[in-house]
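Report on the following structure.
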Amino acid sequence: MREIQLLVLVLSGLVGAQQQALMDYLERRLLAIEPLKSCFCLFLHRQDRISLWHEQTSRYASELREFKQQMVAQLEGLDKNKEALRSELDTVGTRVDRVEREMDYLETQNGAQPCVDVDDKLVEQQVTVVKERNKAKYAKLTDCSDMISSIKAMKILKRVGGTKGMWTKDLAGNNGKVFILNGTDEDTVYEFGTVREFTSSQGTSGATSIQLPSAWRGMGHAIYSNQLYYLKQGEEMKLIKYDLQKNIVVDTAVFPVKNQLPVYSLNPETFIDLAVDEEGLWAIYATQENERYISLAKIDPKTLDIQQMWDTPCVRENAEAAFVICGTVYVVYNSKLPSRSRIQCVFDVSDMITNDDAPHVYFPKRYGTHTSLKYSPVEQLLYAWDDGYQILYKLQMKKKLEV
Ligand SMILES: *[C@@H]1O[C@H](CO)[C@@H](O)[C@H](O)[C@H]1NC(C)=O
């Protein structure tokens, strides 16, 4: 598409200003890939790739210079011979295409890293930078290596609320509180002191109501260390970090990914599913760029910054929910006519388990489909919402290496 636009630009009219714009554009591209080098160096040990990088960059610089000279020469001869000019410009156009394509390639090949601690300029380029993101090695924060082997027990606690919603404990495990977020676009959180208080009360009576400053969107919220993380209702993908004790918004951030899609086809209200595991906070999301599949990002719970991103091999079609355990995403599938939910795709950021050796865990048959599944790393429980029922699943774990 861009190649075609460029070619049109080269051939049409040859107005000086356009020429200049094209050259400026190409130069900007070149400058844009330049700072990636610093980032690249942080992560690569292999000297040979670095020198290859230098070589490629300088080759593009000289190609561009040459191209520029040609353009200037052609501009001068513009009045003399229009026909000859046209055919020459065809050649130039083709070359611009090639330079463009190779630059695209270079950017995706070498811009693989989640540039931590690098220049602000890079933030703008994040979308490009992460194209080849799966190649960067993930540095684990914990030594956890558990993976799910089966569902040991299931307990239905109560039915409060509508078909869709989410319930959870504080997933950092620092208090026993239980939170109910009923519906897909509400702004009132119900808080119970303990699970017992929750199960023994009538509906939401006995709960503390917390009024949020804005409505949430979907069912992908997470509560971690007294902070509620949620996607704000609206077109813009804005994450809110809300302190449930102080009742204030602590931070907000626009999720820096364009053209987002619902993550799970069976629960189209959820655009970002926030998950907590032993490693911290994650965002499960999807974009038009990779529209059949689910993507994953590691989030800094303090600042809401994205630290690293991955494309997973897990499809969105017939997915109902997902959760993360020790850096492995488990995607749960069902069918449009609800049957048994099952884990049918896994993605491990540290590559210890592949989709082939992952256990296909089936959930006990229930009512409809899960609208949310929240993993509590402290308790190794899943907090599930199914057709208004609040369900707990106790997980049986094994070590990843024992696969
Ligand atoms: C939960 O939300 C549903 C609509 O999504 C609504 O009908 C119901 O009254 C709500 N229940 C509570 C307890 O807020």
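The backbone N, Cα and C atoms fix where each Cβ goes, glycine too.
Quick look at what TrEMBL lists:
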| type | residues | note |
| --- | --- | --- |
| SIGNAL | 1-17 | signal peptide |
| COILED | 68-102 | coiled coil |
| DOMAIN | 143-399 | domain 'Olfactomedin-like' |
| DISULFID | C144-C326 | disulfide bond |
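Residues within less than 8 Å, Cβ to Cβ, of C326 (disulfide bond) and separated from it by at least 6 positions along the same chain comprise T142, C144, S145, D146, M147, D277, E278, E279, K400. Around the Cβ of C144 (disulfide bond), the number of neighbouring Cβ atoms within 10 Å comes to 18. Per-residue pLDDT, averaged along the domain 'Olfactomedin-like' (143-399), amounts to 94 for this model.
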